[in-house]
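Since the structure comes first, as structure tokens, the remarks are kept for the end.
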């Protein structure tokens, strides 16, 4: 609710500023007042987008109206070419350059002030987390940069959906027979685990050599090299074969090889494919390199399917071998997050080594633009929990006010606060939009027949009001039909605000142009007074649910449930 309130403020400030600028354009272009309103328009649009991404819809609407006005300006033969060019450059600077610079400034300040690790860092990449003070940076600072044969690593999936997780194995095996009757290899489970754990550690082994320690000097692993991945705690090899995965039968099962079935030999060779490499001899780097692990025997790629395994898999996430022919996806990409050079060949000593933290004092910083771009991408792509919320609704419910949101209930009395609109205002705003559309097309048809019901100035004001108010409602409402996210009634408030703005425009137009006799004007005025009285009465009736300022009896609460879909809270004493 607080975000929507601030968003509405900047949306309306942007529209008001542009209208002020348009009036200044007619009077004194390039004056101080003209520059002030034009620049404030761009700044308000930038602030709207900075509050919530949906603010971009109003920004695009203002740009569209400004573009139409600029197009008419180009056709004005009374202006010189230089004058027209100056007008266009001023609009580009104020409506495109200034908002972009302001938006960058917001995040520059944000990333400068918020430089420490926090509870939601895991949605960001390992490189971003490592650039923050504390948290992952405390663990990873100073780790060896180049992954070598014998390195001990944790592999984080770059995709990070449904949750960030690390390649993981444990001593439990896949069940011999799944619930659907399919058989498995009964090998050791390999999953993706959403928590840091000692079982997330793997050793990068040279297939041609036995030692599991880093040589001196270290031999770095490069793009295209073939490696084996040995699970640190169980010393079993990462393996895949032509057996269907537990939950993704079109993909191969990934396991750690257990040598108790001679009919199923190990297939544990993996080719390293560095996705973001700069050359074909690129060295595998900690945090920075994004890699795919391609199975040598079957050309399958190690991939996070994202499905939750049943209880036998401890509800961890399924990892599969996906054929290359199915294309590239971030779920196939991994990066080394924690890294140390292995020093112990004996298993017991190596287990103690895996349990100990790896810390050194070397910082690895990302540039501002790299962090800025990643943050924008994550905000666009990361979804909240997909489960249905009790108060979620569809865009169709908003127009008819078939939904409400209960925010607060007094711990002892029935006093409560809801997001619940004024039914009269809600319906009147929708009716005003319909009346505007009908009148607009009626006038347009008559103008086509050379019948001028309105003077040119009145017609242009009528069109501009519709473009900003009806257009503002449309661009802030219709996109929600395409969004795959949990939606609530408050998402409709910016669109409703533009609709309410259209209401006095339509009323004024009807009074000035359609009520031509004194009697009609008197009748219309009386209807407006009656309408306003009804709106005030509904506001006063629903006030206890809006402000929670007094307790109501169960009977009074039931009387306020004007629609069965309204979730009015009634205590059972």
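Numbering starts at 1 and runs along the chain as it is shown here.
A Cβ is built for glycine as well, from the same backbone N, Cα and C atoms used for every other residue.
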Of the residue ranges 519-540, 541-562, the one that TrEMBL records as transmembrane segment: 519-540
The domain 'MIR' (144-207), counted residue by residue under DSSP: helix, strand, coil: 3 helix, 30 strand, 31 coil
Residues from the same chain, set at least six apart from the ends of the transmembrane segment (57-76), whose C-beta lies under 8 A from its own: 11, 14-15, 18, 22, 25, 41, 45-46, 48-49, 84, 87-88, 91, 95, 99, 464, 467-468, 471-472, 475-476, 479, 494
Same-chain residues near the transmembrane segment (488-507), Cβ under 8 Å, at least 6 residues beyond its ends: 1, 4, 7-8, 11-12, 54, 58, 389, 391-393, 395, 397-399, 403-405, 419, 421, 425-426, 428-430, 432-433, 435-436, 439, 465-466, 468-474, 476-477, 480, 528
Recorded stretch that, among 6-22, 88-109, 423-446, 519-540, has the most CB pairs under 8 Å to the transmembrane segment (34-51): 88-109
Helix-strand-coil residue split for the domain 'MIR' (279-339), DSSP-based: 9 helix, 29 strand, 23 coil
DSSP helix/strand/coil residue counts for the domain 'MIR' (218-275): 0 helix, 26 strand, 32 coil
